[in-house]
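According to TrEMBL:
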- 28-33, 53, 58, 147-148, 182, 293-296, 363: NAD(+) binding site (BINDING)
- 293: active site, nucleophile (ACT_SITE)
- 349-465: domain 'UDP-glucose/GDP-mannose dehydrogenase C-terminal' (DOMAIN)
Ligand SMILES: NC(=O)C1=CN([C@@H]2O[C@H](COP(=O)(O)OP(=O)(O)OC[C@H]3O[C@@H](n4cnc5c(N)ncnc54)[C@H](O)[C@@H]3O)[C@@H](O)[C@H]2O)C=CC1
Ligand SMILES: O=C(O)[C@H]1O[C@H](OP(=O)(O)OP(=O)(O)OC[C@H]2O[C@@H](n3ccc(=O)[nH]c3=O)[C@H](O)[C@@H]2O)[C@H](O)[C@@H](O)[C@@H]1O
């Protein structure tokens, strides 16, 4: 079916029967809408791209020299296209009215209220976009679901649009989920593994799929563009994130076994990944996965399965997120255990707060969970991250969800812009993000200003642990135990 549809689309493109997309609008100028549409504008100089958002602050930043998100390569793309065929504004009505094709790229967080609280995707922003489009649209519009949504969300969008259709207005709704990862967004967008386009199985549906395919054809080879049914496209996105998260939880489960048995998780991951059926990617054991999507998309999948009475399926995917919770808690407990079972009034230098390197994003960062656990135990935290803003760290750790005692926490956290200052008089260094610069530090110099015994907990497995032990650090990492640390502990660590 797929081959048939692709052939059909290519034929209709060549026959000159297309509507020719000249104006694209994207509602939602976030981590997905911003980079995705910047790349479309960059690769398609013949298309005008308008990125709109309800947040004035966000749009102001997109129009400034300091973009609202840090993403390698993004500044250059925006600089080249902004004002030429790429525009950022709050005028949603006008952008929607002028557009031939509208991406909906707004946030779809887990619900924080009502039925499905904490698990179901909150589609209120999507619905508001559909209603806005219905209110102001003129002529024919292709509406593209770019946000990650539950299966059959496109049906709800279509219902809202058709129930409010004015004379002379028509719509086609497509699913085109995004697979970019933060920190490598531009690279992923420029050279995607695949692009999914789901559409209705009708002549109109296929014509709309053809229009979006034409946009991607500007830079993505035909064989990477997969057309499929709307529902398959929506579910493929949730399934992809679930599979990726599952790999991380699988290797993290093995890391606990390694620590208990004396095996080394890096060696196990290497050996397992050499099997070409398994592959080596996404097998890096860590303090746990973070980011705005893995957790919410997994929980959404669990919720969908439960609603469909597929309890075993729900329980299977639930375990992936339970394992992640276990890994984060296990790491925090290990820190406390090694520090003689108490961190109260001890100073810990925390390196990294973003959920992964090369981003300033902290959403669901394991750092929030580990730090919150340590703060509950009364630790003082000196936190350094090269890209996360001070206010973000403060708000993440003092928010109602992270703690019940914001005033107490405020006194316990100190944000540093220099890692060497952050370690002064600290009892331990805790690495929570895999920033490359952490590998380049002078740990001998750091050790000299720390309390002894000095501890280092590498939650990302990025440092040379043997060298650190030789320097005199009591070193702990995920999925491996160092026997020489025992000597350190018995000698008071003063080597
Ligand atoms: N962050 C990521 O790396 C990825 C995210 N996704 C998915 O893409 C979607 C968007 O995610 P992000 O870009 O991270 O979210 P985000 O929170 O960074 O951006 C969403 C933007 O939409 C705006 N918005 C919300 N409702 C609006 C409305 N009614 N009118 C105008 N603007 C509105 C918000 O002000 C915000 O700026 C989500 O469904 C997410 O699951 C998919 C792939 C990767
Ligand atoms: O839907 C989304 O939001 C996106 O979610 C992930 O992208 P992202 O969350 O940006 O980053 P990842 O590289 O997937 O990392 C997620 C988390 O897993 C952790 N991780 C990743 C890989 C690994 O081997 N080990 C590991 O602990 C990372 O440190 C990070 O905390 C997916 O990789 C993207 O394909 C998807 O589009």
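Cβ coordinates are placed from backbone N, Cα and C, and glycine is handled just like the others.
Recorded features from TrEMBL, shown on the structure.
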{"residue": "28", "record": "NAD(+) binding site", "DSSP class": "coil"}
{"residue": "53", "record": "NAD(+) binding site", "DSSP class": "coil"}
{"residue": "147", "record": "NAD(+) binding site", "DSSP class": "coil"}
{"residue": "182", "record": "NAD(+) binding site", "DSSP class": "coil"}
{"residue": "293", "record": "active site, nucleophile", "DSSP class": "coil"}
Worksheet item: Listed binding-site residues are 28, 53, 294, 296; which sit with C-beta under 6 angstroms of ligand 1?
Response: 28, 53
Worksheet item: To which of the binding-site residues 28, 30 does the lowest count of other Cβ atoms within 10 Å belong?
Response: 30
Worksheet item: For the domain 'UDP-glucose/GDP-mannose dehydrogenase C-terminal' (349-465), DSSP counts of helix, strand and coil?
Response: 43 helix, 20 strand, 54 coil
Worksheet entry | In sequence order, those binding-site residues of 28, 30, 32, 53, 147, 296 whose CB lies under 6 Å from ligand 2 | none
